[in-house]
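Let me begin by presenting the structure, written as structure tokens, before commenting on it.
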Amino acid sequence: MDPAAPGDSSLLDDSTQLRRPLCPRFPSLSSSFRLKTTLWSELSGAVGDLGTYIPIVLALSLVNGLDLGTTLIFTALYNAITGLLFGIPMPVQPMKSIAAVAISPSSHLSIPQIMAAGLCTASTLLILGATGLMSLFYRLLPLPVVRGVQLSQGLSFAFSAVSYIRYSQDLPSGKTSGPRPLLGPDGLLLALSALLFILLSSGTENERRRLVPSALIVFLVGFILCFIRDASVLRHLKFGPAPLRVITITREDWKVGFFRGAIPQIPLSILNSVIAVCKLSGDLFPDQEVSAAAVSVSVGLMNWVGCWFGAMPVCHGAGGLAGQYRFGGRSGLSVMFLAAGKMVLGLVFGNSFVMILKQFPVGLLGVLLVFSGVELAMASRDMGSKKDSFIMLVCAAVSMKLNAAAGFVCGLVIVLVLWIGEVDWVAQLRGRRGRTVDDKSRPGATEEEIVGV
């Protein structure tokens, strides 16, 4: 499929999306996990989305009592399966809107309510994908609106990353606690050094420099610093995961989870977890663009399996895909490496691994996140016309100030208004009137033709 021409304000050129079957022909095992760059590059790409994954998982574990071991094991399975099925570094990310509501002091959610919210969101996406409505929606959505959603999400990540780097963070509360100290194992100097290292090692077009697994090195440095910051974490580690248990969800949990968690999450999942992911996959992997129906069904099935056992509600995020691609991920092998790491940590340390993550330098997470956000935002650079750029920027601005759903609706309204303004309605009416007169005066015209039936 040919990529969209820059500045094309017509409907998305992905017309084949509607005709794709619900179960498209997935890549073979050999092609999904074929090494497309270098082993180090795929390993580096594997940790490219941890800048968003770790803070949210850590906050849910500390504030809401989420079992980290269970989440690591299930997300490892999701990573392995989606890497095999899609053949690209398909990310598995937390449902951010549900997480934000859950950890907020004013709207705290219990574990059953979080799982109910995830199941309600998953059911919606599963139905939309299975019925083909998601593919229809993807096909009809104007490209500038998609780019606006991507731009807002990318800039939001970048702004959060700058805050992580500049200020000390209390991740459970989501608040800053003053400027970050210059020195120390989580100091500003460390974060800026990591930023400079990534720029020098992978920020150019020099392929030899891109062989350096910059994100992997930064992550490993952060992991080592966890024990330097607090060596006592070793005493708190317990081996083995917690036994799996089925979460009991009451009628009240379903009600609270749906209205407070699922309703704000559903528009974000449709736009960022399906529409934006599919479009970005076509930008980054032109010969492997994923199906909107398949991605939507994938999100639904993942959560219908894991949420019943207390695994964090997840989706596929465009920011995660951008981050993994930015740091070298080019195939399903990248997320397979990530799956292996999560599975080992989940099985060996279980929920006690949260004690280590609490000590991970947040500044380094911000460094990883800033590159993910910029990579996602750069996908909007193909808006070549003034009109398309205007639609995209207004959509992005409203999305960042309010939410993605409001920005999406605003973008569609602007597209409709501009289309109405471009149509010469007088000429249209004159042309219709002229055709009617011609039909009446044409010899042999039937009564139906004269009345316009």
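Backbone N, Cα and C define each Cβ position, glycine as well.
Here's what TrEMBL has on this protein:
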TRANSMEM  43-62  transmembrane segment
TRANSMEM  68-88  transmembrane segment
TRANSMEM  114-138  transmembrane segment
TRANSMEM  150-167  transmembrane segment
TRANSMEM  187-204  transmembrane segment
TRANSMEM  210-228  transmembrane segment
TRANSMEM  333-354  transmembrane segment
TRANSMEM  360-378  transmembrane segment
TRANSMEM  390-420  transmembrane segment
Outside the transmembrane segment (150-167), six or more residues from its ends: residues with CB under 8 Å to it: 51-52, 55, 176-180, 188, 191-192, 195, 272, 276, 279-280, 318-319, 322, 362-363, 365-370, 372-380, 392-393, 395-397, 399-400, 404, 407
For the transmembrane segment (68-88), sequence-distant contacts whose Cβ falls under 8 Å of one of its Cβ atoms, 6 or more beyond its ends: 26-27, 29, 31-33, 57, 61, 241-242, 244, 281, 284-285, 288, 290, 294, 298, 302, 305-306, 309-312, 314, 316, 321, 330-336, 338-343, 345-347, 349-354, 357
Candidates 43-62, 187-204, 360-378; stretch with most C-beta pairs under 8 Å toward the transmembrane segment (333-354): 43-62
Chain residues in Cβ proximity to the transmembrane segment (187-204) (below 8 Å; excluding those fewer than six residues from its ends, i.e. six or more beyond): 44, 165-166, 179-181, 210, 212, 214-215, 217-218, 221, 326-328, 361, 363-364, 366-367, 370-371
